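According to TrEMBL, the feature region 'Disordered' maps to 1-89. Annotated compositional bias 'Basic and acidic residues' per TrEMBL: 10-20, in sequence order. The feature compositional bias 'Acidic residues' is assigned by TrEMBL to 31-42. If you look up TrEMBL, you'll see 51-65 marked as compositional bias 'Basic residues'. Sequence annotations record features per position, and here TrEMBL assigns domain 'Peptidase M24' to 121-336. For His189, His297, the entry in TrEMBL reads substrate binding site. Residues or ranges marked as divalent metal cation 1 binding site by TrEMBL: Asp209, Asp220, Glu417. Summarising the annotation, TrEMBL assigns divalent metal cation 2 binding site to Asp220, His289, Glu322, Glu417.
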Amino acid sequence: MAAQEAPAEELSKLSVEETKPVPAAANGNDSDAESGDEEAEEGASPAAGAAKKKKKRKPRKKKKAPTSQSEPPRVLVSQLFPNKQYPKGEEVEYVNDNLNRVTNEEKRHLDNLNQEFLTDYRHAAEVHRQVRQWAQKSIKPGQTLTEIAENIEDSVRALTGHTGLEEGDALIAGMGFPTGLSINHCAAHYTPNAGNKMVLQEDDVMKVDFGVHVNGRIVDSAFTVAFNPRYDPLLEAVKAATNAGIKEAGIDVRVGEIGAVIQEVMESYEVEINGQMLPVKSIRNLNGHTINHYSIHGTKSVPIVKSSDQTKMEEGDVFAIETFGSTGNGYVHEEGEVSHYAKRGDAAKVDLRLSSAKSLLNVITKNFGTLPFCRRYIDRLGQDKYLLGLNNLVSQGIVEAYPPLVDKKGSYTAQYEHTILLRPTVKEIISRGDDF
C-alpha cells in the first residue's frame, strides 16, 4: 500500500528547526551521537588512544515465507511449494488387462517424461482445491452472485500470480473458464453479467463450476451448495454417481459403459420436496468430456446415461467426469441471456467487415485465445460497447456462445465433477481433495 499523504493543514502546523552544528571537541574529534561509549581522542598517542567503538547493528530479520493459505486466499501457491512439488491427486491403479502398467518399465519411463505436464496440472489442481475449499466455507445466503463469482476469480488470479489485466497474462495462468453459478432448475453455463443483482437465497441449490489453468493445462471441477438439508439426498446422488463414473473410467474402457454405471447409481436415489417423493434423474443430454491443451471441450464425451457409444478411453487422455442430477425432466434446453463464450479453434478465416468485431477479436485472441471467457472478463479489460461486435463474431462462427442450460421451472439440479488423468501407469484424479 502506498504511504498515506498528510493533510495540508497539518503540514502547515509543522516547523522545521535548522540543525545547529555540534561544536568540535578540543582535540578536534566529533562526538558520536548514536553511541554512549567513550571514544579515544584523535590526536592522542597510540598508547593512550583506543579504537573507536561502533554500535553493532542488529541484522534485519528475514521475512519468513508463508507456510499456509490466507482467508480469503491471496498467497501464491508457488510460494507454498517453492520446490514445485505440488500435491498429487488420488492415484488409482488400473485393473484387469492394464494391471501390470504400474510396474511396466516402459510405461514408467513414459510417465517420467511427462513431469512438466504433471507439474502444471498439479499446480492448477492445488489452486482449485484451495480456492474451492475456502468458497465452500464463505458462500452464504444474501450474497450477490457477482460477489461470489468475483471472490472466486480474484482468488484464482492471486494464487496463480496472474491478474489477467496485461495483454497475454491470462494465457499464462489463471481462470480456465468463468465461474458458473447456476441456480435451481438452471444446470449449467450461468454467470452474472454486468449489472446483475441476483442474490443467493436460503432455499437455493447452486452449482459452482470453475476452471483453473497453468500454461493451458485446465483443471475442471464443480460442486453444489445447498443450505436446506432436504436437498441432501439430491447432492448425495450426484456425488455418488460422479465417484462411480470415476471408478469405472480407465484405459480401454468404453464410455457408453461408464454412462450406464452413472445412471444406475444416480437413479437409485430419490428426494422428498414439499411432501412429494421425487426420483433423481440423470440429465441425459449433459456429458463429461475430454480436456485438451487450452481447450475445455475435447472430441470425446462421457454420457451419464446408458449409451451404445463404443468410444474407448486411451492412455494420455484427460477427462472431466461430471454428472448432473435433476428432480425435473432430466433434460435441459438453452434459455436466457448468454454470458459464456469461447473462440473456436477450428474457425475458418472470415473477412470481418464490422470494425468493432475486428477490434474485439484481436482482444479475445491476445487475452483468452481459445479459453472460455465471459462478458465480465471483457469489461475488466476496459472494453465497452462491444456487444454488437461480439454478436457478429458469434454469427460468423468465430466465437461460440454457450447459453444457460435449464430443466423445467420448479425443479432442482445438482452437479459434481473432477478432472482425471489417464497416465501410462495409473489413473490420477488430479482435482480430488479432502472436501470431495
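Cβ coordinates come from backbone N, Cα and C, glycine included.
When the binding-site residues His189, His297 are scored by other C-beta atoms within 10 Å, His189 scores highest.
Remark: Glu322 (divalent metal cation 2 binding site) has Asp220, Ala222, Thr242, Leu286, Asn287, Gly288, Ile304, Gln415, Tyr416, Glu417, His418 as non-local neighbours, by Cβ distance under 8 Å and separation of at least 6 in sequence. Long-range Cβ neighbours of Asp209 (divalent metal cation 1 binding site) (same chain, at least 6 residues apart, Cβ-Cβ under 8 Å): Thr179, Gly180, Ser182, Ala188, Asp220, Ser221, Ala222, Gln415, Glu417. Around the Cβ of Asp220 (divalent metal cation 1 binding site), a 10 Å sphere holds 28 further Cβ atoms from the protein chains shown. Ranking the binding-site residues His289, Glu417 by how many Cβ atoms sit within 10 Å of each one's Cβ puts Glu417 at the top. Distance between Cα atoms for His289 (divalent metal cation 2 binding site) and His189 (substrate binding site): 15 Å, as a whole number.
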